[in-house]
Amino acid sequence: MADFKVVGVIGAGQMGSGIAQLAAVSGSDVFLLDKDAGALHTAKASISNSIQRFVSKGQLSKEVGIKAVARVNYTSNLEDLRSADIVIEAIVESEDVKKKLFAELDKIVKASAILASNTSSISITRLATATKRPQQVIGMHFMNPPPVMKLVEIIRGADTSDETFNATKTLAERFGKTVVCSRDYSGFIVNRILMPMINEAFHALYTGVATKEDIDAGMKLGTNQPMGPLELADFIGLDVCLSILKVLHAGLGDSKYAPCPLLVQYVDAGRVGRKQGIGVYSYHKSAKQSARL
């Protein structure tokens, strides 16, 4: 199992395509699955371009880059994951949707395969209940973008075996990542700390403490962060931030995790960040933001 000759990745968005790239560069054959043919087409171009950038910077040899691109197979058929040694899902941050997927995978993949979730907040123990292999279910939370960010957060569910944990940690290290381990509590380590900061930045904007530009500049220059919290929220996706805060609020029962009304309003308005072209900031050159938001 620890050899991971075949890696399945589900979800061809930025996270999934980045994870697929890491697996291919590390020497595994990869099946990247998405029901959306357009997403697969975009992921194929993105992976190829990303690998080429690493080659042009001298961070990968041309030979390794060519082989990595060739190792990624693009599919919309779950049956193609039968040979996978591990399947890493990077789909929408919804417990119900993830459970449904894990239940389907449990019937398809081989008995020895690990089912891993890139969830940033949802209980691994609860996801594992959708399968008949809870000892082989684990959290493998990559940071965005996966090929660049050095951290992988590994989360053990209540029944995750030592063998599964050790094999998954070995794989993350083969990807060149540093591993931190979290117990299975809402938000784990990174988002339990990060999301309240982002939420508080929204409260500061909501209550008129400062402009969005000054809030972000203050945090960047005052705490040496590469992005301000509002800019980072746009990068992550305001809808994703809102989902994580709801999980934190429900799972930990503390009012400090209750989402800021302004964040909720932005998501309701469809202003979910960079991927939509508008969030806290506008990413359309000629777009005029609503004065009400």
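Think of each number as a place in line: the chain as shown, counted from 1.
A Cβ is built for glycine as well, from the same backbone N, Cα and C atoms used for every other residue.
Predicted automatically and left uncurated, TrEMBL annotations should be read as such.
Pulled from TrEMBL:
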type	residues	note
DOMAIN	7-184	domain '3-hydroxyacyl-CoA dehydrogenase NAD binding'
BINDING	Gly11, Ala12, Gly13, Gln14, Met15, Gly16, Asp34, Glu93, Lys98, Ser120, Asn144, Lys275	NAD(+) binding site
BINDING	Ser50, Lys57, Ser120	CoA binding site
SITE	His141	site 'Important for catalytic activity'
DOMAIN	187-283	domain '3-hydroxyacyl-CoA dehydrogenase C-terminal'
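For the domain '3-hydroxyacyl-CoA dehydrogenase C-terminal' (187-283), the DSSP counts in helix, strand and coil order read 66 helix, 3 strand, 28 coil.
For Lys98 (NAD(+) binding site), the same-chain residues lying six or more positions away in sequence with a CB closer than 8 A to its CB are Glu89, Ile91, Val92, Ser117, Thr119, Ile122, Leu127, Ala130.
Remark: of the recorded positions Lys57, His141, the most isolated position is Lys57 (fewest other Cβ atoms within 10 Å of its Cβ). Comparing the Cα of His141 (site 'Important for catalytic activity') with the Cα of every entry in Gly13, Asp34, Ser50, Lys57, Ser120, these being the binding-site residues, the smallest distance points to Ser120.
Here the candidates are the binding-site residues Gly11, Asp34, Asn144. The one whose C-alpha lies nearest to that of Lys57 (CoA binding site) is Asn144. For Ser50 (CoA binding site), the nearest neighbour among the binding-site residues Gly11, Met15, Asp34, judged by Cα separation, is Met15.
Summary: among the binding-site residues (Ser50, Ser120, Asn144), the fewest other C-beta atoms within 10 A of the C-beta are counted at Asn144.
Counted over all residue pairs in Gly11, Ala12, Gly13, Gln14, Met15, Gly16, Asp34, Glu93, Lys98, Ser120, Asn144, Lys275, the record's binders of NAD(+), the longest Cα to Cα distance measures 22 angstrom. Each of the binding-site residues Gly11, Gly13 was assessed for Cβ neighbours inside 10 Å, and the highest tally belongs to Gly11.
Counting only residues at least six positions away in the same chain, the Cβ atoms of Ala90, Asn118, Phe142, Asn144, Pro145, Pro146 sit under 8 Å from the Cβ of Met15 (NAD(+) binding site).
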